[in-house]
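One structure is given below, encoded as structure tokens.
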Ligand code: LLP
């Protein structure tokens, strides 16, 4: 799926020129392709066809209502981690019976909200959370469906900040304690044990750790059955990586088939929580070169997007391809692509060989996941607009913030 391709030398989103989008909506601006979103979901749908399975898109990766809407219309479910994400998903038309609630710190108020909405399952991450959920559900006269997020202690071989399946991580319950905790759950009122859940990390490029984690989880499933605890579903989490630069990201088939083999004849509904894989390469960040500052040691290209928009390079040292919107001419030199924010860590790319002129438009690629979702207003920079392209149609799905909106909730002293 090439949602972003050149036509007559100009980069387009589907049928729409990025020059036109910049003229219409200004820069910086997030651009999403509906066709690319649908194509990435379709990849999962193909592998899961005929199975009792549900893709629960991890809302945190990109929570724009229009993005959620695209997935909800195709029958996807959602993985949420806060009351805010629950409200968003419902506002986007999500079926609450297809929502799972993950996260280590669910508040009583968030539990109430989710119980009132009748969500599919709570992915519980600790013993005190079980106790709290039981109490909250009791108060509301409800029964909370639960699964335990079990930490299989496998090395996902990804960036330490986004690796979550190791013992040293704050996530999930320890593998060795899971059985006892399930028994505890079974003894609590107002809970019903529905499944088991596991998520080992993000941007994984090797299917092997997923399969290794599943083996451990299935051993546990059997132990649970021997203890009279029969599960209805297994949630394999998210984490499948994408190509940012030259990574060999596995196909969805290569990722899923080994696991689906292991699950055959198990009579377990399969849930998945992909985030990045569904949206990452379906979005880009459009920016304009404001100033060029060639120097003795480094050449700086100061663009109008910054770390407050796309935090990943500053935060994880992540690499995003940066391409000129108009096919480049002339000699290239290595540029530091940096934003206007007052931090040396405010960079989008280091040493990129480009032929740049002031006013040029650049596209920062693979920015659909953890882009806008992690943006901030640092330096009092209004959040950028978000646009969804659908063939030749263009929808402004979030208008640019205004400066006044940034301090609208604040007050001067009386
Ligand atoms: N399920 C759970 C419980 C998660 O914690 C996450 C991501 C996902 C699913 C979705 O993972 P994905 O399929 O997107 O890999 N901000 C970082 C990524 C943090 C991921 C956090 N958890 C980044 O920009 O790379």
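Including glycine, each Cβ sits where the backbone N, Cα and C put it.
The domain 'Orn/DAP/Arg decarboxylase 2 C-terminal' annotation in TrEMBL covers 31-368.
If you look up TrEMBL, you'll see 36-279 marked as domain 'Orn/DAP/Arg decarboxylase 2 N-terminal'.
Residues or ranges marked as N6-(pyridoxal phosphate)lysine by TrEMBL: 60. Around the Cβ of residue 60 (N6-(pyridoxal phosphate)lysine), 21 further Cβ atoms fall within 10 Å across all displayed protein chains.
Neighbour density for residue 274 (pyridoxal 5'-phosphate binding site): within 10 A of its CB lie 27 other CB atoms from the protein chains shown. The pyridoxal 5'-phosphate binding site annotation in TrEMBL covers 239, 273, 274, 275, 276, 370.
Per TrEMBL, the feature substrate binding site maps to 276, 312, 316, 343, 370. Residue 370 (pyridoxal 5'-phosphate binding site) falls outside any helix or strand according to DSSP and counts as coil.
Marked as active site, proton donor by TrEMBL: 342. The Cβ of residue 342 (active site, proton donor) has 9 neighbouring Cβ atoms from other residues within 10 Å, across all protein chains displayed. Under the three-state DSSP scheme, residue 342 (active site, proton donor) falls in the coil class.
Annotation for residue 276 (pyridoxal 5'-phosphate binding site): spatial neighbours 61, 202, 203, 238, 240, 241, 242, 369, 370, criterion Cβ-Cβ under 8 Å with sequence separation of six or more. Considering only the recorded positions 60, 312, 342, 343, the residue whose Cα is spatially closest to the Cα of residue 273 (pyridoxal 5'-phosphate binding site) is 60. Within 10 Å of residue 60 (N6-(pyridoxal phosphate)lysine), judged by CA to CA distance, lie the following recorded positions from the set 239, 275, 312, 316, 342, 343: 275. When other Cβ atoms within 10 Å of the Cβ of residue 239 (pyridoxal 5'-phosphate binding site) are tallied across all protein chains shown, the result is 29.
Each residue contributes its Cα atom, and for residue 239 (pyridoxal 5'-phosphate binding site) and residue 316 (substrate binding site) these two points are 16 Å apart.
Cβ neighbour count for residue 316 (substrate binding site) (all protein chains, 10 Å cutoff from its Cβ): 14.
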